[in-house]
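Undergrad: Sharing the record's features from Swiss-Prot:
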type	residues	note
ACT_SITE	D379	active site, proton acceptor
BINDING	V250, G251, K252, G253, R254, F255, A256, E257, V258, K277	ATP binding site
DISULFID	C51-C84	disulfide bond
DISULFID	C54-C71	disulfide bond
DISULFID	C61-C67	disulfide bond
DISULFID	C77-C101	disulfide bond
DISULFID	C121-C136	disulfide bond
DISULFID	C138-C143	disulfide bond
TRANSMEM	167-187	transmembrane segment
Amino acid sequence: MGRGLLRGLWPLHIVLWTRIASTIPPHVPKSVNSDLMAGDNSGAVKLPQLCKFCDVTLSTCDNQKSCMSNCSVTSICEKPQEVCVAVWRKNDKNITLETVCHDPKFTYHGFTLEDATSPTCVMKEKKRAGETFFMCSCNTEECNDYIIFNEEYTTSSPDLLLVIIQVTGVSLLPPLGIAIAVIAIFYCYRVHRQQKLSPSWESSKPRKLMDFSDNCAIILEDDRSDISSTCANNINHNTELLPIELDTLVGKGRFAEVYKAKLKQNTSEQFETVAVKIFPYEEYSSWKTEKDIFSDINLKHENILQFLTAEERKTEMGKQYWLITAFHAKGNLQEYLTRHVISWEDLRKLGSSLARGIAHLHSDHTPCGRPKMPIVHRDLKSSNILVKNDLTCCLCDFGLSLRLDPTLSVDDLANSGQVGTARYMAPEVLESRMNLENMESFKQTDVYSMALVLWEMTSRCNAVGEVKDYEPPFGSKVREHPCVESMKDNVLRDRGRPEIPSFWLNHQGIQIVCETLTECWDHDPEARLTAQCVAERFSELEHPDRLSGRSCSQEKIPEDGSLNTTK
């Protein structure tokens with residue numbers, strides 16, 4: 001029946017599409033026509049846009065009438081809300097054209113995307129020093145391929161609209177029927193397969209896709225994380241909440257409580273373990289800050305806590321705000337160091353993964369080169385770092401974090417306040433003398449805090465010899481929960497830092513770690529290393545044969561991490 005329908009409709013397709021081809025004016029690009037053919041899709045699920053994506057390329061396009069981008073790369077935008085953007089620049093040296101996807105909620109090159117709902121890319125001039133600068137945005141398929149500088153070139157043939165309306169219904173019937181059939185077959189297969197699964201089979205195979213309710217699908221990966229999600233970095237807007245059963249309280253902080261919980265399936269008693277961070281009604285702002293940070297899809301990284309979704313819930317205790325994330329059974333780093341002495345290899349893995357996570361947080365691009373908003377944590381400490389099953393770190397607790405949006409004014413940054421935990425505050429934060437003109441100074445406060453955490457790790461490493469009981473940075477020099485004034489006396493007046501015993505330096509790898517953390521807690525923020533530099537240094541520690549040039553000692557670190565004194 002399906003084949004007969006296709007055969008019957010095919011001649012009509014040829015006739016109608018021939019009419020379309022004959023009525024398209026030469027100046028109307030493919031992207032505009034594609035949008036017209038889409039019809040009115042209000043009420044349908046919004047799919048990611050298809051845009052030209054060539055970043056910055058040299059162009060011969062002038063700014064008089066209109067032109068094509070000549071970009072050969074078409075990309076599906078990562079997020080449904082992203083639109084197509086084109087940027088045309090002319091300076092004394094050349095003309096360049098940039099085509100990308102971008103979320104209109106955020107500025108691009110410091111400008112708001114005011115025309116993000118336009119079906120065509122009509123250039124508007126922006127004021128920029130030293131160059132002629134035009135930018136446009138639009139929300140139809142590949143609409144940034146056809147760049148318009150004069151709005152009279154945006155008109156299209158009235159006959160074209162009528163023809164396209166006629167052909168749309170006929171064109172969509174065959175693929176729609178095929179799609180429904182494929183979905184039905186796949187659904188039946190999934191239901192049949194799920195019913196046949198047994199616990200013994202599950203325990204002997206790699207963990208696969210598991211469906212639950214209509215909210216989202218969860219992909220269970222390897223032992224590096226207990227859970228990850230295809231709908232990660234999203235807030236759950238569905239009226240039906242995720243089927244979660246709270247288990248035990250595993251942590252409590254200033255703003256929220258953290259529970260171990262069971263995420264149940266619809267059709268069985270099986271469940272997966274997740275963590276649920278619950279904020280009371282009065283801590284809405286902290287929940288919103290952390291939710292907004294997690295909702296940035298470019299934040300995803302193996303050394304940043306895996307986010308599942310965020311929910312608003314009504315309980316007998318009143319309204320609550322939930323963040324649902326991966327659960328890591330080893331707990332936070334402070335707890336882990338209190339209970340365990342670590343080896344040199346453990347220290348290298350923990351330190352390296354911590355630096356990589358912070359470097360990604362601070363970076364203005366993803367590892368694959370996509371633009372990303374830099375973020376500063378502002379409350380880095382060992383209790384805000386989780387230990388994964390493979391003994392690597394992941395950052396969590398972003399309730400005090402700050403997005404370094406270039407559109408923020410100095411006043412906006414000044415109003416962000418003196419935040420963090422006093423024991424881990426950098427000197428300039430304690431003294432409230434941050435350089436608000438330079439956003440890099442915010443990142444360097446995180447680097448200072450990271451140095452203290454690296455010291456904590458090193459103090460519990462058996463490669464240095466005698467290992468004392470765990471103590472936080474500054475140990476008994478300050479009380480258990482020191483105030484800002486107490487830390488000012490220690491850090492500013494006395495220029496105090498945690499002690500590095502001389503025998504730690506007998507191990508070549510530990511010596512490099514100590515040199516690194518000493519440079520990271522320098523009193524001068526501009527003299528500190530960047531998180532990326534620290535990550536690179538730890539990467540070098542994976543190759544002991546390359547370390548001789550970094551130390552006075554000519555001895556090498558063998559695979560077991562001990563100091564090799566063999567000549």
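Cβ coordinates are placed from backbone N, Cα and C, and glycine is handled just like the others.
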Undergrad: Count the other Cβ atoms sitting within 10 Å of the Cβ of C67 (disulfide bond), across every protein chain shown.
TA: 18
Undergrad: Taking Cα atoms as reference points, which of the disulfide-bonded residues C71, C84, C101 is nearest to V250 (ATP binding site)?
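TA: Comparing Cα positions, the closest of these disulfide-bonded residues turns out to be C101.
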Undergrad: Going by C-alpha positions, which of the disulfide-bonded residues (C54, C101, C143) is nearest V258 (ATP binding site)?
TA: C101
Undergrad: Looking only at V250, G251, K252, G253, R254, F255, A256, E257, V258, K277, the residues listed as binding ATP, what is the longest Cα to Cα distance in Å?
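TA: Farthest Cα pair among residues binding ATP: 14 Å.
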Undergrad: Select the closest residue to C101 (disulfide bond) from the following binding-site residues, measuring between CA atoms: K252, R254, A256.
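TA: Checking each of K252, R254, A256 against C101 (disulfide bond), the shortest Cα distance is to A256.
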Undergrad: Of all the recorded positions given, namely K252, R254, A256, D379, which is spatially nearest to C136 (disulfide bond) at the Cα level?
TA: D379
Undergrad: Taking just the CA atoms, what is the gap between C61 (disulfide bond) and D379 (active site, proton acceptor) in Å?
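TA: It is 48 Å, counting Cα to Cα.
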Undergrad: Among C61, C77, C138, V250, A256, the recorded positions in question, whose Cβ has the most other Cβ atoms within 10 Å in this structure?
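TA: Answer by Cβ density within 10 Å: C138.
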Undergrad: DSSP secondary structure for K252 (ATP binding site), reduced to helix/strand/coil, please.
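TA: In the DSSP reduction, K252 (ATP binding site) maps to strand.
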Undergrad: Can you tell me the three-state DSSP label for V258 (ATP binding site)?
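TA: In three-state terms, V258 (ATP binding site) counts as strand.
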Undergrad: Which whole-number value in Å describes the distance between the Cα atoms of D379 (active site, proton acceptor) and R254 (ATP binding site)?
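TA: Rounded to the nearest whole number, the Cα-Cα distance is 12 Å.
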Undergrad: Give me the non-local Cβ neighbours of C54 (disulfide bond): same chain, 6+ apart in sequence, Cβ-Cβ under 8 Å, ordered along the sequence.
TA: S69, C71, S72, V73, L97, E98, T99
